[in-house]
Amino acid sequence: MLNPYLLRNQIDAISKKLLKKKFKLDISLISSLEKKRKKLQIKTDNLQYKHNTLSALFKKEKKIQELDENLKRTLTKSSKNLSELKIELNLLQEKIHNFSLSIPNIPSDDVPEGNSSENNKIVKYWGKKREYSFAVRDHVEIGNKLNQLDWKSSAKISGARFIVMKGNIALLHRALSQFMLDLHTIKHGYTETYVPYLVNHDSLYGTGQLPKFTDDLFHINSIDKKKYVLIPTAEVPLTNLFSNQILNETELPIMLTAHTPCFRSEASSYGRDSKGLIRLHQFDKVELVQIIQPELSMNALELLTHHAEKVLQLLELPYRKVLLCGGEMGFSATKTYDLEVWFPSQKKYREISSCSNMSDFQARRMKTRYKKKKEKSNSFVHTLNGSGLAIGRTLAAILENYQDSDGRVTIPKILQKKYMQGIEYIN
């Protein structure tokens, strides 16, 4: 949620910045609502002052047993009018609040203009693409030939966009999650956290998935007469651990990681990547979350992105780092880097991680603040998150980049001894 002060006092400037995200702010509507709110607030405050004066006089007369019936009637009427005004004001404030929930975060000044991936800025390339002397297979064909990716069984028991993994590919999938968690906890300093896979609607409002992306979520409607949603990412439960809290500055930065399944309906991606591990309804991911002071958040974004990059570097997978343009960015983000890994079968880079600084956007929705050491007032924290990494896509990238002409797949060296029980090849 944006700072209400900006919407009240810098509406034109904010509207212009939001155009970078392809969002047209209805200035006339928000100005009209704010004008009504101010007028109603003044009216309510004035009546409250008069009511308080009458109440004090009534208490004084009651004490000396000289009650004035006119005063009593006036006080009763004042109380009724004040109650009606407060209800009207609350309804208007709720309307403004709901409207504010539909407004995305403001993009950082260094975010490129543009509405498509062609306008993204390539920051760097890493790794050398392998040259093949044979016809390159995609990861679906490789998995089928190895008889370890079972699409027929998953379609039978669940439907499209699900997968059953078997044998050493299933072992590799597990190995990747363990490797990523070890790297982020032991080397990068994150605290491993186990979180629920079902969350309430308040949590999804807090991190910004609701109300805008309700169609992309899997909703569970009948547990203890409460509504739950399967998590689309561990960002939701990890970040909401600190909702409605005031943290001490000494607690910051907070760095958390979790390995969870993620569930997405992919309603907005209908028809895209219907084949393979790229876009499933259920997939696993290791998530990175940081909560930090505002002045440190942009440096923290660089660090968090580096932590995700390190996974790709140690697996020796060629990738590129991309700064997203305004039109490609997520709803809650102020700045986002995508890491895109090379897929030789497609001869292009595909997203494997998205690392974002959310500034105070989520913190305002969650009411997460921190107490500065020498200041009386509390400030909103900044939140960051990123994939470190998406496990299914990492697995697919390994199958393609490490394939041999005879159909076998070499296991990345860093995984062989510690995580893959000494296995060097899948064949």
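Quick reminder: no glycine exception, Cβ is built from N, Cα and C everywhere.
Swiss-Prot lists Thr233, Ala234, Glu235, Glu287 as L-serine-binding residues, and of the candidates Ser117, Ser133, Ser387 the one it assigns to that same site is Ser387. Comparing the Cα of Glu266 (ATP binding site) with the Cα of every entry in Thr233, Ala234, Glu235, Glu287, Ser387, these being the binding-site residues, the smallest distance points to Thr233. DSSP gives Ser353 (ATP binding site) a strand state. Relative to Ser354 (ATP binding site), the binding-site residues with Cα atoms inside 10 Å are Ser387, the candidates having been Thr233, Glu235, Ser387.
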